[in-house]
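Enquirer: Handing you a structure now.
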Ligand code: KG4
Ligand code: ZN
């Protein structure tokens, strides 16, 4: 059965609506995807302010839905269901989305599906690259860091994740310490191009321990110390030292992500998947050095999939598609649902300590 879903996303600082079609064979098409960022609203505060975010979502969601319907050339009458991020995330924003979706469902009688935001990210490679289950997934952004085996639309196995900061958050903080602009990831990557990654050796946290958990907050402290030593000796941070520190930091994050993913890959390949694949998503996946390090883990037997950035970062197409996957799998859809600030993808896995900039994640 072909399903066309409207998706809504408002769990952090992007207000988004999208229409996605999924055919009977499981292939997805993005009919429209509208994302309205809120960076300018939060810029003065150095982080996302939950109350400001929630109010902006409440004000903008209707408009995003109208625009998404217009761009897809559809009306609600041509839609089979409404999918909305119902957690995890900043509760005010999640509630704005859930209330909007409930209103639309009540007015139209359409089924309503609550989607886990992380499941949206984790199922995106099915939409963009038609990956078959089970595949491996590394989710790395400003708010997330998880290594997953995706067994099905509702079955995720978490092999590891960060115990403190998310990698994107670490890039942002490191950039601030080096006097580079925000967002920090692209700024560090640009500076690192003319830097020597071996000049200031930084730690590779948790690499000496077994398992796939990661830690990035110590790297931030290490870069702060290295910077202060240089400033004390030189009376400032020379451009070359800034580039060398950026390159050293990027190499440290890459080494940790690549090595932990390599370990997870061993666990995954033991399952003897029919069509092995590793997918990456999240803003940090835009980093060329990290992407190439991960790609090198794959060979002619393991496929590497990196969805286009617009579908890797927060968007509503992933929520609409995840809703369609669940509907196709027979998930019950009602007209009622609640918002959940915490919602681990893998309830059986040990709780992660990391929170990320979006507040408690899982
Ligand atoms: O997925 P994303 O857009 O959204 C949130 O997490 O909200 O990820 C944003 C994060 C930021 O922390 C940014 O610094 C990081 O992804 N990022 C990068 C690069 N581009 C964006 N990190 C490293 N290298 C990049 N080229
Ligand atoms: Zn996200």
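Each residue, glycine too, has its Cβ placed from N, Cα and C.
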Enquirer: Write down the one residue from 299, 314 that TrEMBL lists together with 117, 121 as binding Fe cation.
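Expert: Record check against TrEMBL: Fe cation site with 117, 121, extra candidate from 299, 314 is 314.
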Enquirer: Given TrEMBL annotates 139, 140, 141, 142, 143, 172, 185, 189 as substrate-binding, which of 116, 287 belongs to that site as well?
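Expert: As annotated by TrEMBL, 139, 140, 141, 142, 143, 172, 185, 189 share the substrate site with 287, chosen from 116, 287.
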Enquirer: Taking the Cα atoms as reference points, how far is residue 185 (substrate binding site) from residue 117 (Fe cation binding site) in Å?
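Expert: Pair distance, Cα basis, whole Å: 22 Å.
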Enquirer: Rounded to the nearest Å, what's the C-alpha distance separating residue 141 (substrate binding site) and residue 121 (Fe cation binding site)? Just drop the number here, would you?
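Expert: Cα-Cα distance, residue 141 (substrate binding site) to residue 121 (Fe cation binding site): 11 Å.
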Enquirer: With every protein chain in view, how many other Cβ atoms are within 10 Å of the Cβ of residue 141 (substrate binding site)?
Expert: 25
Enquirer: Test of understanding: give the count of other CB atoms lying within 10 angstroms of the CB of residue 117 (Fe cation binding site).
Expert: 29
